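J.: Quick one: the structure is below, questions incoming.
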Amino acid sequence: CPRILMKCKLDTDCFPTCTCRPSGFCG
């Protein structure tokens, strides 16, 4: 998972292999 701060609501908002954390950011 790329170490880039991205806001998200769903895993699909993130890069592949990243998940949407409860914090509202991809990780």
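For all residues, glycine too, the Cβ spot is worked out from N, Cα and C.
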J.: Between Cys8, Cys14, Cys18, which residue forms the disulfide that Swiss-Prot gives for Cys1?
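T.: It is Cys18, per the disulfide annotation in Swiss-Prot.
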J.: Work through the disulfide-bonded residues one by one (Cys1, Cys8, Cys18, Cys20) and point out the residue whose CB has the fewest other CB atoms within 10 angstroms.
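T.: Counting other Cβ atoms within 10 Å of each of the disulfide-bonded residues Cys1, Cys8, Cys18, Cys20, the minimum falls on Cys1.
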J.: Given the disulfide-bonded residues Cys1, Cys14, Cys26, find the one whose Cα is closest in space to the Cα of Cys20 (disulfide bond).
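T.: Minimum Cα distance from Cys20 (disulfide bond) across Cys1, Cys14, Cys26 lands on Cys26.
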J.: Taking the Cα atoms as reference points, how far is Cys1 (disulfide bond) from Cys8 (disulfide bond) in Å?
T.: 14
